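As structure tokens, the structure follows; a few thoughts come after it.
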Amino acid sequence: MAQKEEAAAAAEPASQNGEEVENLEDPEKLKELIELPPFEIVTGERLPAHYFKFQFRNVEYSSGRNKTFLCYVVEAQSKGGQVQASRGYLEDEHATNHAEEAFFNSIMPTFDPALRYMVTWYVSSSPCAACADRIVKTLNKTKNLRLLILVGRLFMWEEPEIQAALRKLKEAGCRLRIMKPQDFEYIWQNFVEQEEGESKAFEPWEDIQENFLYYEEKLADILK
């Protein structure tokens, strides 16, 4: 079973983007956190290391992780076999569109209908039901698109609605996988800003392999 958050951690203040929030005993501060205003979708090529370490961690209970981070690789292949690749990341926080929808709204419009596209997403958690529905509709009408989604955690996987949505993704031809430790290392090397004084090598957290196996089993049970 995946590592649960320790009791001490549960007693600590909620965090935003991996940074601790102080003075939560202040009623006004609590109100600010509960009534967060909409944020814009953020795009870029590399995300801060502390975001990655907090948001992508494959824990069972994702307390405080109220964003979706989506790192993407787009490979476009012409009829002649030439391949062009691009990559970047998207993040959301209480935005109108989730990161998955933002990809379709801001990245996909640049696609050339004459090319074939293989898109890989590395997402901090699996899609919600609404985003899964959007993915299914997009795949059904975009015949030159193949999509592989690798997720760090399963979002609300015990909910029947979520389970049904994940099965629909599979039926639509979307390949859905749980991230292995090697996938987290790939993100670290290719999508994370290497801050001054930060170790260049990826340092796996405790139970990363155990948690991968836990989620892999859950996903297999859902998709069978």
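Just so it is clear, glycine is given a Cβ too, placed from its N, Cα and C backbone atoms.
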### Message
For the annotation region 'Disordered' in Swiss-Prot, which listed range does it cover: 1-25, 26-50, 176-200?
### Response
1-25
### Query
Counting other CB atoms within 10 A of each CB, which of the recorded positions Glu60, Glu100 comes out lowest?
Glu60
### Summary
Across the binding-site residues (Cys128, Cys131), the Cβ with the fewest other Cβ atoms inside 10 Å is that of Cys128
